[in-house]
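S.K.: Just dropping this structure here.
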């Protein structure tokens, strides 16, 4: 007998396994770097400060469930009025998000109150905040309808709180994280008065689900999309047409809600904090609530929206205001209807006139300012018809500073009046001094019959400058056909600028949106080669036409901040323009502009966005292992069911299955595009090439992870098996010494313990949460595996002693009745159990969070799974599985393959579908093993014996 065949042996890994291990290491490193990004990079947001102690006054809400509350925020002079429930302003309701506190309203409310006192405005706002018990609404959708119903009751209560003379006609909603989805979800209820809400501001809100943990969340998002539309084939409902929706995201520092999730096609404004004028910095998920510059911008939108002297409708006015503050701010901090008059008088007294005739590039630098205003005239000629003009204003205090005009008939040089183009300018990020940029197409000016450009410089003692660049657009624009490998090994050259006084260059990135790696992260570097002055400043901009906002990078003196660019998977709304880079250079410098791929940032970004598919791939791998194990049992008369690692399918078989399955997936997605909704950053399902590449990559990484995780689990079982066995032996021996009857009951109880554990788990699941029962049974399953492993180890250890004793003393050769098949099959089923527990883990988290309010979870998506699995476990734990020589092992193997294909087709984005499918597989395996006597074991044995006899050679008869 080969003694060593009972030792757990694992096959030598294939070369593909080593490649998968390397991919796993790179993947883990990239994700770790991305997760620690906020700790390693400086947070440029200045924190808001409280000038007076905040107070939260509780307001009673009818039909309150007990765990939710409503508060009014107050501080300083307004405290006594609020405590006496006297409100006079426009109500603003703050809705916290996932695990959010009602106290997070402090920054916005406090800055608003300070601003109200500072500008002495008649416009007043009353801030209310909803306490949603800090529930985990992003991972458990069962609370979304409850929270929505309570917020609706809060709005009714707030309106009724006002006295009749001050009763508001509208209300403003500010939602953070999932609070923004709750604000949009209010309109699901047909009884909700839609005319009450005029403005919704969402901060870091996932307008697309981060992941679908349960069908409640899936259903809620479906209902919200049904009324709000998706911006493509589903328009916004007509009753929502006058509601302004502003969505603000945090950018790449927000690792919980990525920019692609904060974008919503039915919003009036989509903005990232790092693209908002005056903010220009990325915020994490919590920082977006207290970032001082961003909070001030939001407060300015509230005040400017409430005061209008324009003839526009309220909706159109709010859109202009929000566009000014969040997208294209041309100068001042406040917006009004007459900010940039269309026609401006240019002929002013006491002005130095400076006429420029032929020079296309001009830089005026006044380091000590100017005592008198300066007007610069730039004549346009016929050759400038296809030209563009870019200008940079440095510390020019005029709101209106760039015009076009036709010279007066008498002077032939000077203009009396000019058309104002200053509203087309935008303030720009700057390391020092205020800067504004403008780019104008000359055909737009010549259409008006104008032949001059006019620039105004205000008198000031501060350093000021004006840089003008008139150029032919084709000379300053290049296009590159995008390839995702640009900058992998070396920086890719975009521009090499060897001439002075030119300030504007542009690079169009053609085809990036169709690239296989749309989420790859690149850095754009502007490297100054030669500068004629010590101080210089250049700005790079990344513009995506189908979204709002401009990303900036800076090169200034010795400070270099590369521009970080990445294209988010945002619906393009039939946009035909390509994203492009614009560079505003210092006219005193030559530059080398380069692009490189940030490999680790790209891997980390892809890992975080695509990592949500890992549960489905883990399920696929476990099911394929079970399929191979059942196939071995079907094709062998011996005790053959190999260990998990030896049952892994070959990579060739996996890729063949993937190729066929992807064809099915492509056909299904084209016919039913909503069957796999894009969640997180996963939008490549249905695209054959992308699906093949990323699915293969994710499978290899997951396979390598499962390999090492299962090895670690085996090592733990070997260690804990011995420890658990020693504890049980000590406990039993202690009981045996006390009472013989008690010891008999203990031994009998251990024999019936599996049934007792499964029944207890079912009862606990019914009275608390289904996941709790699953976790309890998982610990017991692990305990059983440990004891099974320890029993085998004990037999192997003592076998040499028994062999020596029987062979040399009795002359008999003892047998070793040892089988690892049961352990191997139970180990695979245990992994299946753990995955189901993981899929239902958000339920237990929410149950534990609300335990002090309710002892059971309602609703509970994990209850059915817990009931079925614990019932099956109570049966399997009492049996010796797998049953030998049963029929239908081959069919059971095929069933596991079919289930793995279903996981690939329908569960990569809908995680809540994984647990029911795996539960069904577990149930079928239990039924197959439990009702073996009905299957016809004897027939199979007879067939095996007869087939064995056919192979025995017959003796020759003489």
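Backbone N, Cα and C define each Cβ position, glycine as well.
Those TrEMBL annotations? Automatic predictions, nothing curated.
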S.K.: Name the residue range among 745-767, 860-882 that TrEMBL annotates as transmembrane segment.
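M.R.: Range annotated as transmembrane segment by TrEMBL: 745-767.
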S.K.: Can you check which of 676-696, 823-843 TrEMBL lists as transmembrane segment?
M.R.: 823-843
S.K.: If I go by TrEMBL, the feature transmembrane segment sits on one of 705-724, 725-744. Which?
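M.R.: Per TrEMBL, the stretch marked transmembrane segment is 705-724.
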S.K.: According to TrEMBL, which of these ranges is transmembrane segment: 644-664, 917-937?
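M.R.: The range carrying the transmembrane segment annotation in TrEMBL is 917-937.
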S.K.: From the ranges 612-631, 892-911, grab the one TrEMBL calls transmembrane segment.
M.R.: 892-911
S.K.: Tell me, roughly as an integer, the mean pLDDT over the domain 'GPI inositol-deacylase PGAP1-like alpha/beta' (88-304).
M.R.: 89
S.K.: If you count every Cβ pair below 8 Å, which range out of 12-32, 705-724, 892-911 shares the most with the transmembrane segment (823-843)?
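M.R.: The stretch with the most close Cβ contacts to the transmembrane segment (823-843) is 705-724.
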S.K.: Taking a Cβ cut-off under 8 Å, which residues six or more beyond the ends of the transmembrane segment (12-32) line up next to it in the same chain?
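M.R.: Same-chain residues near the transmembrane segment (12-32) but 6 or more away: 599-604, 606-608, 611, 651, 697, 700-701, 703-705, 707-708.
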